[in-house]
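Marked as heme binding site by Swiss-Prot: CYS492. What Swiss-Prot records for ASN189, ASN413, ASN416 is N-linked glycosylation site, and it gives sequence analysis as the kind of evidence. Marked as transmembrane segment by Swiss-Prot on the basis of sequence analysis: 17-37.
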Amino acid sequence: MLSEVIARVELLIGEQTLSGGILTFLFIVVIAHFVLTRFTVHSRFWNSQAWTGVREEWFPKMRAKVRTIGNIRQMLSDGYEGFSKQNKAFALPVIAEKPWLVLPHSCIPELLAKSDSEIDMKIIHEEQLMHEYTTGSLGRHVVDVPIQYDILLRQVNRKLPLLISAFNEELDKSFCHYWGTDTSYSEVNLSETCEKIVTQALNRIFAGKEICRDEGFLEHSRLYSEGVGRNAIMVRMLPPLLRPLLAPFITYSNRKHRDICLRVCLPVIRERVQHTAAKRADAEHKWEPPLDVLQWIIEESFARNDPKELDPRMITQRLLALNFVAIDTTHMSMAHTILDLYRSPNSDDFLVGLREECERVLQANGGQWTKSGLDDLVCVDSTIRESMRYSDLGYISLTRMVVDPKGTQFNANGTNSSSPLSVPPGIRICVPAHAIHRDAALYPSPYEFQAFRFSKAREKYRGTQTELSEPKVSIVTTTDKFLPFGHGRHACPGRFFAAQQMKLMLAYLVQNYDVEKLSTKIQNKIMVGTTKPDASLKIKVKRRKV
């Protein structure tokens, strides 16, 4: 066997013989690698932890990693029941990645109280998305100088009332296009049409009317977003030394889709930059700045007085960055909400309540959606929030990396231990969001979709003094038991915008369409913990006669 291996190596390197010295050197390298990895700080730490999903078998951790492809949620739930409920952290293996240290639910206040210099979130995001390879230097810059996200936080959230009409107009146009106006049932692909509706409607706010109605931009911005996430996984699986060599080939499609989007955006951006410059020079210039994120990015770029920021390629990259963070999560959340609502045994009752609420609120606001009107859609809000709990997209939350050179500590050594758990730098930590969302101690009947779970209290006290004193729980309310948007100071800043758009979508859908009741046997697809609707699932829809 050994001679056969040597012969293959000889053939590979083009040598006729391998000297004993080379063989000895290779042997020493292998042994040294084994010893160093076996006795490093990280190895000692992981060897001291309890593991979930690891069985007594040959190559136990390697085989456990492979099982995480389709079974990581069950492994997480097993660890939650076996360790978290005893206030003990546990290790969770992941395919092609370092393991996670999963902290118990009780550690969330501790985790949130720690400074960014002790545990860091940005490193995790960079590690997951591999911006250096997947989005290139432009993508790296828009992450380091996140003008687009600052605008989403400051401008969009503040100007939501002014954006509702434009969004609703685009919502009507895209629903009519992709779901049709036929009053007889016809089949549509749920995931595909939801994605296209969301992409067009959100880009009315992001990129403006002209770009959001360009089929090329809509298609290739969608493919770009999908490619960044998918190709990041492939790049992460490469040995670090091979990434600079192979990543450019893997991520070629990202650059192709970005360049097609640039060709669509280029004339629009150039025209806007010219008009904005003229308006800044002469307030009487006859041009009204559009009300959208693209325009606010251009204005902020002028304010920074940096020519690089006004490069159309840079501005297009910022639009694609917004699409990446917003489109996928929003369209999957909406597809899950539709699935959960229409496959529920109580769907008829839920729909009666939702339609009654929409009609009442719309009538009270003069037949137009307003910011205050959307805030009054407590049943619509609850339905989406419950779907985000019941069909949560991710399996972990509050992901951080320990960056303090001295490490950090958590009270997570078990209920019978008074000594804290010391975690060395470089270890990735998280909390088991999926298991928390399914904990019967936190949510009664957690495996049942209850559309009005979060609106019952507000409905009960509507219009009374008690309503004023009751804490208002909505989609955007993050808690230690509702974690789709994270929690604490790093909770998703775009959730206020996302919540309003999802409420408008669901309100529009239930008012204007009937969806044929779905089978309770329809299951979501789960891949390495991420839940997605079945990409091939078709549903029957028809326009309501109203």
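Every residue, even glycine, has its Cβ placed from backbone N, Cα and C.
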Fewest neighbouring Cβ atoms within 10 Å among the glycosylation sites ASN413, ASN416 goes to ASN416
Candidates ASN413, ASN416, CYS492 (recorded positions) - the one closest to ASN189 (N-linked glycosylation site) by CA: CYS492
Measure the Cβ-based neighbour count of the residue listed as 'heme binding site', defined as the other Cβ atoms within 10 Å of its Cβ. 16
Cα-Cα, CYS492 (heme binding site) versus ASN413 (N-linked glycosylation site), nearest Å, comes out at 30
So ASN189 (N-linked glycosylation site), by the Cβ count within 10 Å over all chains shown, scores 17
